[in-house]
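According to TrEMBL, the protein carries these features:
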type: TRANSMEM; residues: 6-25; note: transmembrane segment
type: TRANSMEM; residues: 32-50; note: transmembrane segment
type: TRANSMEM; residues: 80-97; note: transmembrane segment
type: TRANSMEM; residues: 117-135; note: transmembrane segment
type: TRANSMEM; residues: 141-160; note: transmembrane segment
type: TRANSMEM; residues: 172-198; note: transmembrane segment
type: TRANSMEM; residues: 218-243; note: transmembrane segment
Amino acid sequence: MGLDYLMVHLTYNIPLAVVMTLAYWPFFTKLDLYRIATLTTIAVISTIPWDSYLIRTRIWTYPPYAILGPRICLIPIEEVFFFVIQTYNTSLLYIILTKRFVMPMYLGPQDALKRNLGIVIIGSSQFLGLASIFHGGRYTYLGLILAWICPFMMIQWLMAYRFIVRLPLREVSLAICIPTLFLWVVDTIALGKGTWVIESATKLDIQLWGSLDIEEAIFFVVTNIMIVLGQMAIDNAIALGIYNMSTTSKTEFPSYGQLFAQFITRRNEELNMKYIHDLGDAVIRLKRRSQSMYMGSAMFEGQLRIDLIFLYSFCRVIDDLVDEAPDSSTARSVIQECALLLEQRFAGKNLAKGIRSDPALLSSIEHLPVERLSIEPLQGLLKGFETDLEFNTSNTKSPILTESDLERYAYRVAGTVAESVIHLAVAHDRPQNLDKHTHQQTITAGALMGQALQYVNIARDIQRDAEIGRVYIPTTWLEAKGLIPAKVLDYPTDPQVQSLRIRLLDHADEWYRLTEAAIGRLPLEAQGPIRVTVETGGNGEA
């Protein structure tokens, strides 16, 4: 009896698992737990017969002084735990690295060339493994690794290759390479201490470095590949479930078991590639132009996240079209056309494409989840853009004359978006105790939080706004300090202006505190994500 193998876990594997778990804990979901448990169970069940054979044929041995003693099918209990901890750590790292991905956008059509290429590579590796076993001797261990692992990889590839080949290579590679390098180092230390031994007669006796045999290095590469492929296959099932909700009348996300049943029976059905491409365009638009909105949406899962992405994409598209218009007249035409298209969309009519209709605008409006939104906040957003255009006219009078004008403007450009976010969140997960009155209070609180954040933005950007000829501080506030908008344009850092900046921040702080009680009425698991998403949706980026 000994503690050497146990100390390997206590020194290296378990601390890594604890650190990653604590770092990811605020974002851990039941779905994450289910998927890790699923793959861990499969890993243990599939590895025990193979590992037991290696021990029985003395390809692997464990000195009695290095292990506690209890065994399962000849396998030391510490080794069985290794199957669990490796699968957990690699799976969790993959989940962390891919958390921000919008998985349905990686669904793809069948591709016989890529499928067959994968079959050839895995099949050739399987043949090499069988040939090595047949040859025996020093090729035995390598052959057993390949012959055992390749059938599982073949199943994973055939079931999910359409999804696997479209996922970003960088994150997938990191999810494989980081655990592999870590385990190479741990294995080198353990082999050097004699914690476990690979018999020299069944290995090539080639070391990658130090005591790390090439077979061990290959073992950790292929097992981590298999774990990541397994998680990718699960993501494929999840992505297909979200896609089916988004493109049909289904409103309830399938259970974990239903996800897999649906995946097995429907994974080869034809996909609406236009929808998938439009979703991809919306995601790319947010990543490039509004990272905070993109990352904020990652706090949610499933159909709700898709709804938020299409909402944010619409806000981003119309904002860009207005900002980049060559003149105020063109910008107003864009706003008018958008208002008409919104009315048609919410009325369930086909969108009437004008001569100048922007494809991105048409697509963003087409995919708005109108059955879970209200048109009034979006119309208010357009009125906010119209207020911005008033700064570009020859009229010397500021459109923000009074504090009421400022409140109205802040609601239109930020409160409306935050209000729409709450509409979506409640529509997808309405608390049982949320009556009509409380529901309206929650919506109002979301809008107020958006307004507060817009006040913060205005206070932050006084100098930048002055550079483009805009003053959002109410004229009545300025006059009380003996100022006029023109003075702010010329001297935005004037001490009197800075005192009004503090006044804006005080208003924002007061409003933000007022919203806390209403947001607190939502389900506990939704409160944090909603706060983050409202803050990103109502921060004036749109």
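Placement of Cβ uses the backbone N, Cα and C atoms for every residue, glycine included.
Note: the stretches the transmembrane segment (172-198) and the transmembrane segment (6-25) are in contact (3+ CB pairs below 8 A, sequence gap of 6 or more). Using a cut-off of 8 Å between Cβ atoms, the transmembrane segment (32-50) and the transmembrane segment (218-243) share at least three residue pairs, counting only pairs 6 or more apart in sequence. Of the recorded ranges 6-25, 80-97, 218-243, the transmembrane segment (141-160) has the largest number of C-beta contacts under 8 angstroms with 218-243. Sequence-distant contacts of the transmembrane segment (117-135), counting only residues of its own chain at least 6 positions beyond either end whose CB sits under 8 Å from a CB of the stretch, comprise 142-148, 150-151, 153-154, 157-158, 161.
Here the transmembrane segment (80-97) has long-range neighbours at 9, 13-14, 16-17, 20-21, 23-24, 32, 35-36, 39-40, 43-44, 47-48, 51, 72, 171-172, 174-176, 178-179, 183, 223-224, 227-228, 230-232, meaning same-chain residues at least 6 beyond its ends whose C-beta is under 8 angstroms from one of its own.
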